[in-house]
């Protein structure tokens, strides 16, 4: 009973912080003609409620795709339709066709914020609670501490409740899928991941680890025995789930093609804004978008992404344990973020989810990554007027995670899994690598804090108006590359705990 009381307190704190952030501004508030992501979500409710499903992804007189046209898979559209029915019931003006464009009011803001919180309470938060209680080792106190840090990760809160999106739905469904696989419910886990993928196509960042883990498990069980029947169950679960999600579009192949074109808009370019990935960082020195044709950019980014994700995926296929699966999720999603085509700053939330799963195993590195991931979105957050929520949530997360998880105490060479580093750096003098990592963490926090303050207080030179966003992007990119290498070395090293060697 005491454990569940503490869990309830953690959930309540998570809800309070989310609601506190939601009281601030949101993307595009009072900024016509396009407004921002808040208006995009509202507009999708307008479109799905007033137009037949066959027109949701088509450019018509009633559906101008240049004005926040639907560009996510069908499950997002169905979610928008459910919200639209609620909005219509409360105030029909909120979803009135054409006339509701750019609608803003305190009541509508309260409604929209509430829909995000309800989605979290129904999907994301229960998955986090169950993962921390059933798939996290340690005492009840340790599990509750990890739960609180997981729920208070500032990046997701600031984007969903400040900037305004529903990332908690797709990430929550992905977490339910991870939970299913961790508990041995592979078919149910596959269904949950298909739902996540049909809600946001960016869940492809996690797709290869799911595929390799399940295929590797089937091979390990024997494709002429139990493994074959497991493979059949998973295949049927995937096909049925996709068929149900796409059912309204299956009668017309042309509609399927149109939806696919909308959810994979290659015309948008290699990257957006000042995202902390390889191509944006490389663009500082070499204007890659100017010297490489758009088609060549697609081929180049695809090839680099596949090469970056291949080692981790092969390792998982050969050794399909749950520990390897969690690390492969981090490495795959981070590889996609660093090298794939059309990456946005918010895409860093996809690697952040599996990193949260490692808070118990690698507390300092996980906390470090989660802080950097939030810092990497500073230009976007400042644009939305979220300076105070960013500062408060980041500092609170840093303090609580360091205190509750004993992250700075648990950073010995063995606990950080730095044995492989020691072998690679055999030519260097003997020194405590854990101490080195700790001081690098201090320096990193100082740099992130300094750049955050400078972005707000200092005016950039007239010739370099994007100086601070570029510095934030470059600094974050260097962090992500270093952590990408680190997580790969950990994945290819033997785990320190026996429990991770079991295929749960």
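For all residues, glycine too, the Cβ spot is worked out from N, Cα and C.
Remember, TrEMBL labels are computer predictions, not curated facts.
As annotated by TrEMBL, signal peptide applies to 1-22.
What TrEMBL lists as transmembrane segment is 110-134 (among others).
TrEMBL lists 146-164 (among others) with the feature transmembrane segment.
Residues or ranges marked as transmembrane segment in TrEMBL: 176-197 (among others).
Summarising the annotation, TrEMBL assigns transmembrane segment to 230-251 (among others). Sequence-remote contacts of a segment are chain residues at least 6 beyond its ends whose Cβ falls under 8 Å from one of its Cβ atoms, and for the transmembrane segment (230-251) they are 53-54, 73-75, 186-188, 190-191, 194-195, 198, 214-215, 217-218, 221, 223, 259.
Beyond the transmembrane segment (323-341), the same-chain residues lying 6 or more positions past its ends with a Cβ under 8 Å from any Cβ of the stretch are 178, 181, 204-209, 212-213, 266, 270, 277-279, 297-298, 301-302, 304-305, 308-309, 312-313, 315-316, 347-348, 350-351, 353-355, 357-358, 477, 480-481, 483-484, 487-488, 490-491, 495, 500-501. The annotation transmembrane segment is assigned in TrEMBL to 323-341 (among others).
What TrEMBL lists as transmembrane segment is 348-375 (among others).
If you look up TrEMBL, you'll see 387-408 (among others) marked as transmembrane segment.
Feature annotation from TrEMBL assigns transmembrane segment to 441-461 (among others).
Per TrEMBL, the feature transmembrane segment maps to 467-489 (among others).
Through the fold, the transmembrane segment (146-164) approaches residues 7, 10-11, 13-14, 17-19, 21-22, 24-27, 36-38, 41, 112-113, 116-117, 120, 125, 128-129, 131-133, 136, 138, 171, 346, 348-349, 352, 356, 359-360, 367, 370, 373-374, 377, 380-381, 384, 386, 389-390, 393-394, 396-397, 400-401, 404-405 of its own chain, all at least 6 residues removed from its boundaries and within a Cβ separation under 8 Å. Beyond its flanks by at least six residues, the signal peptide (1-22) meets 113, 116-117, 120-121, 125, 129, 133, 140-141, 143-144, 147-148, 151-152, 157-158, 160-162, 386, 389, 393, 396 of its own chain at Cβ-Cβ distances under 8 Å. Within the same chain, residues 73, 75, 123, 127, 130-131, 134-135, 170, 203-204, 206-207, 210, 213-214, 217, 230, 233-234, 237-238, 241-242, 245, 322, 325-326, 329, 354, 357, 504 sit at least 6 positions outside the transmembrane segment (176-197) and bring their C-beta atoms closer than 8 Å to a C-beta of that stretch.
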